[in-house]
Amino acid sequence: MTDVSAAAGGATAEPPTATMSPTSVEPLTNGAKKSAMATTTETQTAAAAAAATTTPAATTTVTVTAAATTEASTSNQVKLARVENVLGSTSTSSPANETKPKSLPDGGNASVAPASSSSNSISTQTLIQSQSQPHAKTNKSTTVASQQDVDEVARLFEEKPEAFEKWLTERAPPEALSRLHEFIESRKPPKRPSVTSDLFQQWMASSPTVQQKSPGRSLSNSSASSLPECRRHLMDLDEGELFMELIRDVANELDIDVLCHKILVNVGLLTHADRGSLFLAKGTANNKYLVAKLFDVTQKTALKDAVTRASTEEIIIPFGIGIAGMVAQTKQMINIKEAYKDARFNCEIDLKTGYKTNAILCMPICNYEGDIIGVAQIINKTNGCMEFDEHDVEIFRRYLTFCGIGIQNAQLFEMSVQEYRRNQILLNLARSIFEEQNNLECLVTKIMTEARELLKCERCSVFLVDLDCCEASHLEKIIEKPNQLEQRPSRAIKSADSFEEKKLRNRFTVLFELGGEYQAANVSRPSISELSHSTLAQIAQFVATTGQTVNICDVNEWVREHNHQIRTESEIDSTQAILCMPIVNAQKTVIGVAQLINKANGVPFTESDASIFEAFAIFCGLGIHNTQMYENACKLMAKQKVALECLSYHATANQDQTEKLTQDVVAEAESYNLYSFTFTDFDLVDDDTCRAVLRMFMQCNLVSQFQIPYDVLCRWVLSVRKNYRPVKYHNWRHALNVAQTMFAMLKTGKMERFMTDLEILGLLVACLCHDLDHRGTNNAFQTKTESPLAILYTTSTMEHHHFDQCVMILNSEGNNIFQALSPEDYRSVMKTVESAILSTDLAMYFKKRNAFLELVENGEFDWQGEEKKDLLCGMMMTACDVSAIAKPWEVQHRVAKLVADEFFDQGDLEKLQLNTQPVAMMDRERKDELPKMQVGFIDVICLPLYRVLCDTFPWITPLYEGTLENRRNWQDLAEKVEMGLTWIDHDTIDKPVEEFAGCADEDIKDIEFTVQTLNCNQQSQETDAHTTPEHHRSGSRLSMKKTGALGKAVRSKLSKTLYNSMDGSKPKTSLKLLESHVSEDMDDKSPTSPSQPHGGSVGRMSASSSTSSAGTVVDKTKKRSKLCALL
């Protein structure tokens, strides 16, 4: 006989084959046979294996054939076989007395027949039983594993843990794994069935609207069938162990019903009491009472029965009434030996149940702060004693100390669960506010249903106040901003009058009533008579008037206190408690009243109920307010549609004008000078402007290309002209000039080669509509005044409005010039129009300019990409919008005055409405700075734009050249302003610029410059001539800047005269002007006497007449030195 362990431990060079003869195998005992039959394994074959032969009945041959070629693999195979042997994985023979080959982890194959050896064979069941029950006697027919086998298994696990794990997962028999699992579980400490550690997770996982109690498992765990075993186990413990075991039993219990039941059962075990009751403290600080959580619970009473009985027959005991009430009030224990002899004992319960109460032990349950949270009461001893002794009292007191902690924890847990459910309900209500915003009845019904279910009340009502919800007044209340400077008169009146006034104002118009669980909500509109005869309506009226929350425990008493009359006795008889709360909107205005009537258990509403109900009232107010706002918004939208229809009708040109324009003969483009960059509209009448627009459309071949009906085009042009306001600059003629410049750029400037026909159509439409309904004010003014346009459009305010007006005209009947376009072309052209109109905002120009300059600097010549085309169109729109700066000087000068007048009008509005100082270009008092500001505008915006366009597209050079010419004119005008020679002396900018007459052709020597020419000789008539120096007068009358320096032109002329006189040559200009300047300056430095003429030297003062007299005449040399310093 070859032993498996010996083969595993032997050192052989080749894989051995061990054959066990039938005579060398000991016969299996019946127990071993049964064990082997119970541990059959399914073998797996990886390759061809040696066939296993079996002998009849009681003989089994074990053949081990190794496929590995190394000693280590052979050893591992045998070790794994040893593991199988130790864990009982021997397989029984098949019905054909054959065994299937089994693959080992190391690659070997083994044919194993069910064999057992007295030295190394053991079943898994025997091993587990021997380890789990060390003191039990083993079966004589089983063999215990030797220490060597255990060491071999441990060594294999240490050397090959991965192989061991693989064997367990892949080849271990299910029976062995099951026994191993049972063995592991038996080594763990027993799990306490009373502690529901996963209770909170089950609460959270359950539906908050359906699951209201802890899972039913808590009730079934304490069933009567398991009590006898528990009781026998506890009876075997001594008193200390029993006490600690019962404390552990309630320590971690979170279900308040289960906890109270365990407390009463455990107290009965500790004190041998027959039955017990547990009361929990409820109510407010001024109205405390006890509620029987569980009543008359014995050790055999099931939890489910106890809870059902307590819920159906709720017992309420006020503090100070009865034995339990007295204990709760005094916090003192009461031990009664004979209950019927105590006056505080109520024998009615005994009479109902037939039970006789002898001894009573009643003790308070306090929390860690010493406040009463409950009262426990036990009745009658069961061990033959007639009373509870001091030992029972001490045990009862000590146990209730721990129970107080458990009860408070359970109550906190219950509060957290209730808060969780409350939050879930409020989230659902928040969703409902948006889901049901168009149906007030459904929304209020859903809120009332949730409130009724959560707060356990019989009925719920909502009264809605008759509010002034008309659209106009409602919007006025929202938009109206109180003026801080406005002082409103005091409206102090008597409180009684104020109450009556509010009462009349807060009249209910809608009543929502929700009854029992299966009753539908009732919506009614009660009359004034019905409201006056309803006590509930009177209470609601009181709450709506005062804005206070009312929690009524006794309706009759409240009615008497507030001097109300009880009109309906049946209504009062069915009402015990009312919780009434106002519903307010976002403006803190009472819009309704919510009522809860009667708690389901008959107790008053608590502060906790009021707190929860407040959240419902808030959500109800939000829902009602949101629904009313939604209804008002829908009405306003309907009104807006009607207004748009009216506006569209009045914005459309009338039929007579359309027919007249349709029949008119449109002249050629050359007659209107449309191809020229010097086009001007001053000579065109209004009808000619419309004909010029038609000619541009026809010259671009847009009418035939896009099949635009001619009458529709005429009507659209007239409608566009009609929708421009008669402001000074941003009017219809400005739109015509912008469109003509775009036409000239496309035709004369050859820009049409970069555009498609659809884009040309969009650009011309955008130019004509880019300032529709302009009000003569810019975007900044709209933002400052917070106009409706600024509220509607946050960026590019006026430009968005212009585009919307364009769309409105196109959508008007008979004005859609895009009607023949396909949907794709329509979207494309509308996108072009929108982008082009928005590009006229200079803020957009500055955003796009850098990107456009970068493309130009990189030598871009292909402008067909979408982004590049958008940049190009934006630059072209800006170039057309400011093209007046490139017109001939006569036209540019006149247009600039129109722009300035419009800007000055806006500045006046800012001073009047906003009480702010406008910027310089809009300040009428600084109109003399306009030429300088024009130069800045050209340098910052116009010249960079036209320069880059001219460099890229040389055919539009006239725009750049015209801008340069106008810049020179404005610069010259700005210099002359410094001399006081321009329009600043006029109230309006409508006179030509003052010039030096004949400066171009005549010799300067023939022109006599005087102080009067420089506006320095005019005397002030408004100030005291004796005390006011000349240099303190109006700056517009001086010839020098405020800094004392002369203008550039004046310095040039004066220096030329000075140099000619110094080198002895004949001066071309008289030095009278020089002497006047110097004399005036000298006079300014000395006080003016009454005898001297005001304003210094006046008249014709030559150089030869400057003789000294009485120290007042300055020498000619000194004058020239002073003049040089001045220059």
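Glycine is treated like the rest: Cβ placed from N, Cα and C.
Here is what Swiss-Prot says about this protein:
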COMPBIAS  1-19  compositional bias 'Low complexity'
REGION    1-147  region 'Disordered'
COMPBIAS  36-72  compositional bias 'Low complexity'
COMPBIAS  87-97  compositional bias 'Polar residues'
COMPBIAS  116-133  compositional bias 'Low complexity'
COMPBIAS  134-147  compositional bias 'Polar residues'
REGION    206-225  region 'Disordered'
COMPBIAS  214-225  compositional bias 'Low complexity'
DOMAIN    255-407  domain 'GAF 1'
DOMAIN    654-977  domain 'PDEase'
ACT_SITE  His730  active site, proton donor
BINDING   His734, His770, Asp771, Asp881  divalent metal cation 1 binding site
BINDING   Asp771  divalent metal cation 2 binding site
REGION    1018-1045  region 'Disordered'
COMPBIAS  1023-1033  compositional bias 'Basic and acidic residues'
REGION    1078-1127  region 'Disordered'
COMPBIAS  1099-1114  compositional bias 'Low complexity'
COMPBIAS  1117-1127  compositional bias 'Basic residues'
LIPID     Cys1124  S-farnesyl cysteine
MOD_RES   Cys1124  cysteine methyl ester
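Sequence-ordered, the extra residues of this chain that approach the divalent metal cation 1 site, with Cβ no more than 8 Å from the Cβ center of His734, His770, Asp771, Asp881, are His730, Ala735, Val738, Cys767, His774, Thr840. For the domain 'PDEase' (654-977), the mean pLDDT of the prediction comes to 92.
In this structure, His770 (divalent metal cation 1 binding site) belongs to neither helix nor strand by DSSP; it is coil.
Cβ neighbours within 10 Å of His730 (active site, proton donor), excluding its own Cβ and spanning all shown chains: 24.
Every protein chain considered, the tally of other Cβ atoms within 10 Å of the Cβ of His734 (divalent metal cation 1 binding site) stands at 22. Other C-beta atoms found within 10 angstroms of the C-beta of His770 (divalent metal cation 1 binding site) number 28, with every protein chain shown included. Of His770, Asp771, Asp881, all annotated as binding-site residues, the residue with the shortest Cα distance to the residue listed as 'active site, proton donor' is Asp771.
In sequence order, Val738, His770, Thr840 are the residues near Asp881 (divalent metal cation 1 binding site), counting only same-chain partners six or more apart with C-beta under 8 A. Long-range Cβ neighbours of Asp771 (divalent metal cation 1 binding site) (same chain, at least 6 residues apart, Cβ-Cβ under 8 Å): Tyr724, His730, Asn731, His734, Ala735, Met798, His802, Thr840. DSSP gives His730 (active site, proton donor) a coil state; it is part of no helix or strand.
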